[in-house]
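Q: Reproduced below are the annotations present in TrEMBL:
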TRANSMEM  21-40  transmembrane segment
DOMAIN    24-228  domain 'Cytochrome b561'
TRANSMEM  60-78  transmembrane segment
TRANSMEM  99-118  transmembrane segment
TRANSMEM  130-152  transmembrane segment
TRANSMEM  164-187  transmembrane segment
TRANSMEM  207-227  transmembrane segment
Amino acid sequence: MRLIGHSMSSDNGRTSLYTRFYIIFQIIGLTLIFYVYNWIVQYRGGFSITEPKIIFNWHPLLMTIAFIYLLANSILHYRTFQNNTKRKLKNQHALIHGCILILIVIAGFAAFVSHQYAKPPIPHLYSLHSWLGVLTIVMFLSQLFSGLWCFLYPGAAKQHRETLAPYHVFFGISIFILAVATAVLGFCEKIIFSLDKQYKLLPAEGVLGNILGILCVFYCLLVVYMITKPEFKRHPKLEYETLL
C-alpha cells in the first residue's frame, strides 16, 4: 500500500510541475503572437488583402501562429492531455497539423504575392531565411503525410508504427527547432531591411525585433525541455502509443 501511495503522490507531483511549465509555455507563446501583431500594426502599416507591401504582413503573423505556437502545442499535446484516449489524441494531433498546413499555405501565398506585385518586384527565395523556410515546409509535409499514413490509416501494420515512431518524434522536434531558427532569421532580416542604417542606433522597432527573437529562442528551449524531460513523458498503457 505504501508503494501505491508513493506512486500516486509522485504522479500528482509530476502533473503539478508539468502544469506550471505548461502555463508558462502558453503565456510566452501568446505573448509572442501579441508582440508580432503589435509590431506589424504599430510599425509595418497593419494588414491588407489588396496592397502588395502590406499583404506581406500576414506572413510573419501566420507563420508565428502556425510554425511556432501551434506546432509547439501539437508536440506537447500527448503530454498535456494524457487522460484522453489514444484515438482522440491522434485525431486532435492531426487536426492541429491540418490547421498549421492551412495557415502556412496562406502565409506563403502572402509572401509570394507581395514580392510579385511590389514595385519593383522582389526576387523570390533568395535569402537564407527563405531557403530554411522551404526546408521546414518540406520536412513538415513529409512528417504530416507519413504520420497520417502510419498512425491514422487503419491498414498500416503495427511494426511500421513501431519503426516510424522514434523518427516521428525526432523529426517533430527538429522541424520545430528549424522553424524557430527560420523565424528568428526572418525577424532579423525584416528589421534590418526596414530600418537600414537606423538599426544600429537601436530604435524602438529594433528593440522590439530583438525581443521577438529572444522570445522565440526561450520558447524553443522551454518546449525542448518539456518534451525531453522523462518525468513528463506520456506513459503507454495497454497498447503501443507514440511519444508525441
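The backbone N, Cα and C atoms fix where each Cβ goes, and this holds for glycine too.
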Q: Can you work out whether the transmembrane segment (207-227) touches the transmembrane segment (130-152), with the criterion being 3+ CB pairs under 8 Å where the paired residues are 6 or more apart along the chain?
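A: Checked: the transmembrane segment (207-227) vs the transmembrane segment (130-152), no contact.
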Q: Could you check whether the transmembrane segment (164-187) packs against the transmembrane segment (60-78) - three or more CB pairs closer than 8 Å, residues at least 6 apart in sequence?
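A: Checked: the transmembrane segment (164-187) vs the transmembrane segment (60-78), in contact.
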Q: Mean pLDDT over the domain 'Cytochrome b561' (24-228): what is the value?
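A: On average, pLDDT over the domain 'Cytochrome b561' (24-228) sits at 94.
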